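Asker: Have a look at the structure that comes next, please.
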């Protein structure tokens, strides 16, 4: 196996040597690929020049690696048969699992991470590395050299997994190795290691804190470009709570206990991790990692509390400000609204909380209903599930949104764009300018999401309104049909009643009741109300369609995307300059892009809020129409009940009339029904008794007529009996009905006699 810079391809059975993965002070790491199974492993071998002590510690490292089993520590593998024979020395090879994602340094060096990783990526990294360090410390192992180069990435089923490599057992820190080490790597070493003092597990706390700070901000916390000797003498002057020692563009060294901006953390995480970093970056090892709540070495438990936070992110659409709230599993939505009122001044009853799809939060569910697992997305999106806050007391939304404050160095070049800066200063400040333009674009996108959430909510309300409109129109048609039928029926009844009054039954009370029914149904129908509401809803529908057709109502890219891409390209070209061309330069071009981005942001925000105001007006109209439609539907329901009740009453009256009519035909009846009146019906036997007195004096034809009359008399008697039986049965079935509103039978007889 050759360790020269240009590797010659070697094979060992089915295994084929691939590229070099890394080169360290003690040897190289090479990727090997099994051509039959597709398996890949990383083989590490140390150089021959190791001292006897380091050779012994190297063998010890291999033994320890083989017994470690943890998802965040690179696992040892068996060295393929025959591969040890390819080694140029007698030191054993170390076979490890191969992680395809490369190391963390490569990840941090990506352009988009120049101002720190995304929030989701930071949280997963902190979780993984803390878990690995805990495991190592529980096994009485101190890493001592934790840095981005010693953390590799492996893509898991749901997210990236971070694994610690190079446990550092073969490293001997003497004065010579410190002087020849790369400047940057020494800053991850705890001060007591640099001072060659006794150390404990707290050396890993310092390294972890430095690593975490760099992942959050994009740069190391303490004078990253200084030489070791000057660095040590200056940084040791910091207070116990200082987590940043930086040099501004004027060369002034500043100490700070605050997490610097820009970074991609929300306000709650930034505050909590700032306090946690103060524990991890204490200069004195005995105090380092001591948490006020959990005591010595309590930093891991304190970090657990941070990682387990459940956060709700509320974007106040009135001000454009994001408010983040830690919530418990059982915290109610009402409790969250009370906290929102304290921060925003918007009363609870006026707060409307919408998710991105336009769905309102459900009052009976806990506040955690809008939280998803943000750790799974690795920060590739905006990293948070936003809930959009609207003030229902507002009819229109004014543009009150301003760009976020710029970092100090960016503000400096905005004032002096022609000022020449050193290359390392340009690299940092240009990265911050690009990040500022990215932030403007993301803030604009969030506001656009809020406007679209309001639009989606409007469409949901409009859909509900449309369904109610269709139901109202259908009910109106059905009611109209019933009313028309009833009016026609009552009109026919009145006409027929009028026709028979001369020879039939009359009742002023019945006539009055029918007239009152006719007047009562004239008040039913609600046709005018329905017509007016339909017209208003159609006008609203037109406004909503216009909103949807408007270019402002659709998600769009535009100038901010173009400016962000131009800034990225400028930054990329700066970083990729050859070392001999990394000279001083000004920032005029970057400043021009930033100023254009700010102008574009302000213009887009005005457009978004114009659209939002129109959306709110339409929603207000929809909300005003909903109860009116419900009221008309309710009134039509009552009208329908009224029509049914009147129809039932009318039917009962008709049956009562039939009863009265039947009671008048109990005696024999002669002649046609059309020729009978009440007085004649009252003397059914009178006609039949008259012909018998002169029957003997009649001629033969007259006798036959008399026989026919007698026969008719008998038939009338039979009919009278049948009618009486029928009336008796009807009397029994009608006894349960309330007939108090009609006249009694005696009153009816009296009226009939008077009429005759």
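Note that Cβ sites are derived from N, Cα and C of the backbone, with glycine treated the same way.
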Asker: Any idea which of 458-479, 480-501, 502-523 is down as region 'Leucine-zipper' in Swiss-Prot?
Answerer: 458-479
Asker: So which of 177, 335, 436 shows up as phosphoserine in Swiss-Prot?
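Answerer: Going through 177, 335, 436 one by one, Swiss-Prot flags 177 as phosphoserine.
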Asker: Looking at 51, 672, which is the one Swiss-Prot tags with phosphoserine?
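Answerer: Going through 51, 672 one by one, Swiss-Prot flags 672 as phosphoserine.
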Asker: Have a look at 115, 179, 412 and find the one that Swiss-Prot tags as S-nitrosocysteine.
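Answerer: Per Swiss-Prot, S-nitrosocysteine applies to 179.
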Asker: Measuring Cα to Cα, tell me the gap between residue 163 (ubiquitin cross-link) and residue 145 (active site, proton acceptor) in whole angstrom.
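Answerer: Distance between the two Cα atoms comes out at 14 Å.
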Asker: For residue 163 (ubiquitin cross-link), what is the tally of other C-beta atoms lying within 10 angstroms of its C-beta?
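Answerer: If we count other Cβ atoms within 10 Å of residue 163 (ubiquitin cross-link), we arrive at 23.
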Asker: Can you count the other CB atoms that lie within 10 A of the CB of residue 145 (active site, proton acceptor)?
Answerer: 20
Asker: So what's the mean pLDDT when you look at the domain 'Protein kinase' (15-300)?
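Answerer: Average per-residue pLDDT within the domain 'Protein kinase' (15-300): 88.
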